[in-house]
Amino acid sequence: MALRQCAIYGKGGIGKSTTTQNLVSALAEMGKKVMIIGCDPKADSTRLILHAKAQNTIMEMAAEVGSVEDLELEDVLQIGYGGVRCAESGGPEPGVGCAGRGVITAINFLEEEGAYEEDLDFVFYDVLGDVVCGGFAMPIRENKAQEIYIVCSGEMMAMYAANNISKGIVKYAKSGSVRLAGLICNSRQTDREDELIIALADKLGTQMIHFVPRDNIVQRAEIRRMTVIEYDPTCKQANEYRTLANKVVNNKLFVVPTPVTMDELEELLMEFGIMDVEDETIIGKTAAEEAAATA
């Protein structure tokens, strides 16, 4: 099959790295050849695949030897569970320089050194937070990733981030082949969450490709620095990630999204009862003040 390059975006803390690594593990279990590139200075995009605290990053190693040109591919590329190839871009120390530059430098280095081998089926870019500008947009801005998956939940800020990321995709879709491939709902167990994300996906012109239920086994596996697929391959949650992997493999719905306004997003939340119908009299009032007013 032709190489498919996918970028995973979403609100910070939504579970992008965990979801990506479990998805990648499921793909590897299916026999797919996969490379995962962490595009986050935290360098936590490959730890579950490698059973490691954090992989040494390309930028760290480049600083140690002098420059990225002094590195060899085998220095930065590690092989983890299921033969998954792992690399972390890294970035400068906090408060110094532009971390986005690390993403650009790392991806260019991997390309030049032949990391994108012919036998690869998938490359996944696990990207910092919901940043879709500058260096962190490099996987979509430079047409590296054609498929964008957004990890979200039924929480307002996660949906807000998904909408913002969609705006970024629209911008870069005009000059390249990048497309939104779907929303992955990583459940936070909010009310009517699956219905809400399906409705949001519909407004964005895309699909909720899968609803990943919340299960504490994910955290138990993480404590052991393992994916659920490897830690307990017979559990229900492992099958959820396998289902997601199958849906990604067979996905054909790649769209230029249609972002909504903030008012439209709030209307959607009101429709599903997540946000109260707008009432100017409650703005800025504490719970105690509201209780006193209704007593």
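Residue numbers in this text run from 1 along the chain shown.
From the backbone N, Cα and C atoms, a Cβ is placed for every residue, glycine too.
Feature annotations, reproduced from Swiss-Prot:
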BINDING   G10, K11, G12, G13, I14, G15, K16, S17  ATP binding site
BINDING   C98, C133  [4Fe-4S] cluster binding site
MOD_RES   R101  ADP-ribosylarginine
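Taking each Cβ in turn and tallying the other Cβ atoms within 10 Å, the top scorer among the binding-site residues G12, G13, G15 is G15.
Rounded to a whole number, the C-alpha distance linking G13 (ATP binding site) with R101 (ADP-ribosylarginine) is 22 angstrom.
Distance from the CA of R101 (ADP-ribosylarginine) to the CA of G15 (ATP binding site) is 24 Å. R101 (ADP-ribosylarginine) and G10 (ATP binding site) are 20 Å apart (CA-CA, integer value). Separating the Cα atoms of I14 (ATP binding site) and R101 (ADP-ribosylarginine) is a whole-number distance of 24 Å.
Here S17 (ATP binding site) comes close to G38, D40, D44, S45, L48, D126: these same-chain residues lie at least six apart in sequence, with C-beta atoms under 8 angstroms from its C-beta. Counting neighbouring Cβ atoms within 10 Å of each of the recorded positions (K11, K16, R101), the lowest count belongs to R101. If you take the Cα of K11 (ATP binding site) and the Cα of the residue listed as 'ADP-ribosylarginine', they are about 21 angstrom apart, rounded to a whole number.
Calculated from their C-alpha atoms, the gap between K16 (ATP binding site) and R101 (ADP-ribosylarginine) amounts to 21 Å.
Taken residue by residue with DSSP, G10 (ATP binding site) is part of a strand. Separating the Cα atoms of R101 (ADP-ribosylarginine) and G12 (ATP binding site) is a whole-number distance of 19 Å. Other Cβ atoms within 10 Å of the Cβ of I14 (ATP binding site) number 25 in total over all chains. In the three-state DSSP reading, G15 (ATP binding site) counts as coil.
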